[in-house]
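Asks: Okay, so Swiss-Prot annotates it like this:
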BINDING   His94, Cys209, Cys212, His213  heme c 3 binding site
BINDING   Cys122, Cys125, Lys126  heme binding site
BINDING   Cys160, Cys163, His164, His301  heme c 2 binding site
BINDING   Glu215, Tyr216, Lys261, Gln263  Ca(2+) binding site
BINDING   Tyr216, His264  substrate binding site
BINDING   His275, Cys314, Cys317, His318  heme c 5 binding site
BINDING   Cys282, Cys285, His286, His393  heme c 4 binding site
SIGNAL    1-26  signal peptide
Amino acid sequence: MVRISMSISYLWGMVASLFLMMPAYSADVPASPSPAPIEARNSVFINQHPDQFNSWKATSEQSERHDALAEDPYMVILWAGYPFSRDYNKPRGHAYAITDVRETLRTGAPKTAEDGPLPMACWSCKSPDVARLIQQEGEEGYFKGKWARGGPEITNDLGCADCHDTASPDFAQGKPALTLSRPYAERAMEAIGKPFDSASRFGQQSMVCGQCHVEYYFSGKDKAVKFPWDNGTKVEDMEKYYDAISFSDWTNTLSRAPMLKAQHPEYETWSVGIHGKNNVTCIDCHMPKVKNADGKLYTDHKIGNPFDNYGETCTNCHTQDKAAMQAVVAERKTAIQELKLKAEEQLVHAHFEAKAAWDAGATEADMQPILIDIRHAQWRWDLAVASHGIHMHAPDEGLRMLGTSLSKSAEARTKLVRLLAQKGVTGEVKLPDISTKEKAQQAIGLNMQQINAEKQDFLNTVVPQWDEQARKAGRLN
């Protein structure tokens, strides 16, 4: 028994020694490799993808600015109290993404990194530097602070790394390597049942564009970007979402209505149109395959009007000639434009009549249902017109939204007539002269001379400092 006991003790000692001598494999397991740093300088990729790069650079030819407020002064009134009443140009080439966000009056004239009216989130659709900063700082870190904080960091125009995994072997081999470079966009796609990784090639093509060409808002204390898609992507779905969280972008200074400002909801409106339902993607129409000088096909990155490349876009599906198709589009555009102006006219009257009701002594309780009608009416109008191509993407949906906008405005104005009568106001509420952008801005109390002077000083003094800091840090070529 003693010998057996000693043998067992000896064996246990040997086992213990072996355990002590074994290497600590768990400590030596290599950590998951960190992702390669995002390269935001677009010109780095010119040798890998020369045709794509040069066609992307050609978006600088789309240089003309169109002043939407000068064309339609009603919008100044609809956005009274919001930066869009100062300045709103129609979109132009991607090559101007940084220039335009710096130069618009909407971003103000900050003097320091902590100054200015807008948050960091206002850079989010402008540059691959955004993806770089999110990778470096995390989303929480990126969204902290004012827009001016990003000035020296976000300097490269919307480009390669916004849509492509430029560090991947696939990209180096000439493949698209599409990616969602904005994590909040990836979460939004998952919320509507469209996870990017399991989407088809066609689905991914539109999702990549849908990182920016969407409705979004700034959420929480850090004003982080979020898409309001929890209930769906139709105008009523997003309205329900916003109402449930009592969100408003601003308060109209005339009517005091809590307003929503639609951004550029092309993904949502395209999805419900004939092209979206048939999975004809943004790329099919706006970035067709074309041939280079050697006859090799490549994707044209000069994003533009499909009619500019009619033979490579529309004729893949349509048999009509170009003139016939242009006539169809023009007819739809005219129908949208006519209803748009009718909706705006009713909304403008509603805002001024609401102001008259407040001035006559109306109470919060009197006004609450009226202001909700105005909010809902303008939201429908704005979602329709902020999607610049809705006459092509989803004309029926555009007309439907504008029609419901008119209905909501009519409800608001009917209630206002009754309320004004109760307050002793029985005559028509006269509008001031708002026949031009300048007169409309004056009517809502904007000092445009001061606003423009402050902006020019910012462009002359602050912006050059941003660029110099970026060059010294190697963020610009």
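For all residues, glycine too, the Cβ spot is worked out from N, Cα and C.
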Asks: Just the number: how many Å between the Cα atoms of Cys285 (heme c 4 binding site) and Glu215 (Ca(2+) binding site)?
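Replies: Here the two Cα atoms are 21 Å apart.
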Asks: Starting from the Cβ of Cys209 (heme c 3 binding site), draw a 10 Å sphere and report how many other Cβ atoms land inside it.
Replies: 19
Asks: Show, in sequence order, which residues other than Cys282, Cys285, His286, His393 on the same chain lie with their Cβ within 8 Å of the centre of the Cβ atoms of the heme c 4 site.
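Replies: Nearby residues not in the site list: Cys209, Glu266, Trp270, His275, Val280, Thr281, Ile283, Asp284, Pro306, Gly389, Met392.
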Asks: Give the helix, strand or coil assignment DSSP yields for His301 (heme c 2 binding site).
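Replies: Going by the DSSP assignment, His301 (heme c 2 binding site) belongs to neither helix nor strand, so it counts as coil.
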Asks: At the level of the C-alpha atoms, what whole-angstrom distance separates Cys212 (heme c 3 binding site) and His301 (heme c 2 binding site)?
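Replies: Spelling it out, the Cα of Cys212 (heme c 3 binding site) and the Cα of His301 (heme c 2 binding site) are 16 Å apart.
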Asks: Excluding His275, Cys314, Cys317, His318, please set out which residues of the same chain place their CB within 8 Å of the center of the CB atoms of the heme c 5 site, keeping sequence order.
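Replies: What remains near the Cβ centre is Val280, Cys285, Thr313, Thr315, Asn316, Met325.
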Asks: If you take the centroid of the Cβ atoms of Cys122, Cys125, Lys126, the listed heme site, which other residues of that chain have their Cβ within 8 Å of it?
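Replies: Result: Ala97, Val101, Ala121, Trp123, Ser124, Ser127, Val130, Cys212.
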Asks: When DSSP is mapped onto helix/strand/coil, what comes out for Glu215 (Ca(2+) binding site)?
Replies: coil
Asks: Using the structure shown, find which entry in Cys125, Cys163, Cys285, Cys314, Cys317 (the binding-site residues) has the sparsest Cβ neighbourhood within 10 Å.
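Replies: Among the binding-site residues Cys125, Cys163, Cys285, Cys314, Cys317, the sparsest Cβ neighbourhood within 10 Å belongs to Cys317.
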